[in-house]
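Enquirer: So that we are looking at the same thing, I have put the structure below in C-alpha cells.
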Ligand code: NDP
C-alpha cells in the first residue's frame, strides 16, 4: 500500500475521486453541526457524509454556505454524500430533492441507498413506521432491486453524480449485481477492528466498488479506544488510538468518515498516518482473538445475520 495522507483520494467507478477522510454527521445536533462542517472544511476536509434521516441537512447546508461565502471552498472542491431513507424507496427523486433543498445544493456527489430495507410511509412515524404489534412496517411488496433501478434513472437528472449502497452484505451485493446495469460506486458499511468485514471488502474490490467505513471508532463512546491491540499500534507511532483507527481504514484502501462536533477532535481525526504491514496484520488479527462486535444493528426485519435488538 502506498503511503497515505489527509488528502488521499480513491477513484470511483465513475472516474470521480472520493476524498479518503470525510466528516460524519449522524447524531450531530442542529446547534452544533453547522460549526462542525464549517470547521472541518476550514482545516482541510473535502468530504461530508450526510443523510436525510439524520434530520440535520439544513444545518449542514448552513455550514457549507458559510464556507462558500468565505471562499474557503468552492462547490466543485468538495464531495457530498447523502442517503435515501427507507420510507422513500418508491420515491427516490422526491427524497433527493428534499435533501438538496435542505443542503442548499444543486447536486450531490454520491447518493446512497441507506439500507436495502423498504418501509411503508404509514403516517404513524414518517422515519421509523411501526405496525400495531410494534414491529417495523416493512414494504414487503417492493425490493431493493426495484429501488436501485429508480436510482439508476436519477443519474440522468444530474442531481447526483454517482449512486451507491450502504449496509450491503455480499449476499445483497450478489443479488443486486445479477439484476442491474449500473454497478454501485460505493458501499458504506460499519467497519473497525472488531468488524473488519474482509469478505465484503474483497468482493467490492473485485467489482470495483469503493468501500466506506462508518463508525470507525465504534460509534458513540468510542469503545475501540479501549482495545489493547489498537493501543499497541498507537504507542509504536506515538499517536492516539483514534488516529490508528481512522488511518487503518485508509491504509487498507477504505474511505473513512469519523464523526465529531468537537473542533479539536475534527482536526485530530483528519491527520492520518501511514501504517506498515505489521500494523495492519496486528489490527486485522484483533477480531480473530476478541471476536466480532457490531455496534449499529437496527431491527429492520431483514436477515443480515445480526441479532434483533428491539
Ligand atoms: P464514530 O465511530 O465516528 O464515533 C463518533 C463518536 O466518537 C462521537 O461520540 C464523537 O464525539 C467521538 N469522537 C470522534 N472523534 C474523537 C476523538 N478524536 N477523540 C474522542 N472521541 C471522538 O461513529 P458514527 O457512528 O458517528 O460513525 C461515523 C459516521 O458514519 C456517522 O456520523 C455517519 O455519517 C456515518 N454512519 C452511517 C451509517 C449508515 O447506515 N450508512 C450508520 C452509522 C454511521 P463528539 O462528536 O462529541 O466529538
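Heads up, residue numbers simply count up from 1 along the chain you see.
From the backbone N, Cα and C atoms, a Cβ is placed for every residue, glycine too.
Whatever TrEMBL says is automated annotation, not expert-curated.
Copying in the features that TrEMBL gives for the protein in this structure:
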- 21-287: domain 'NADP-dependent oxidoreductase' (DOMAIN)
- 54: active site, proton donor (ACT_SITE)
- 83: site 'Lowers pKa of active site Tyr' (SITE)
- 114: substrate binding site (BINDING)
Enquirer: Give the distance between the Cα atoms of residue 83 (site 'Lowers pKa of active site Tyr') and the residue listed as 'substrate binding site', rounded to the nearest whole Å.
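Expert: Between the Cα atoms of residue 83 (site 'Lowers pKa of active site Tyr') and the residue listed as 'substrate binding site', the distance comes to 5 Å.
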Enquirer: Between residue 114 (substrate binding site) and residue 54 (active site, proton donor), what C-alpha distance do you get in Å?
Expert: 11
Enquirer: Please classify the secondary structure at residue 54 (active site, proton donor) using three-state DSSP.
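Expert: Its secondary structure by DSSP: helix.
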Enquirer: Express the predicted model's confidence over the domain 'NADP-dependent oxidoreductase' (21-287) as a mean pLDDT, rounded to an integer.
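Expert: It averages 96.
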Enquirer: Could you work out which of the recorded positions (83, 114) has its C-beta surrounded by the smallest number of other C-beta atoms within 10 A?
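Expert: Comparing Cβ neighbours within 10 Å for the recorded positions 83, 114, 114 has the fewest.
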Enquirer: Can you tell me the three-state DSSP label for residue 83 (site 'Lowers pKa of active site Tyr')?
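Expert: DSSP call for residue 83 (site 'Lowers pKa of active site Tyr'): strand.
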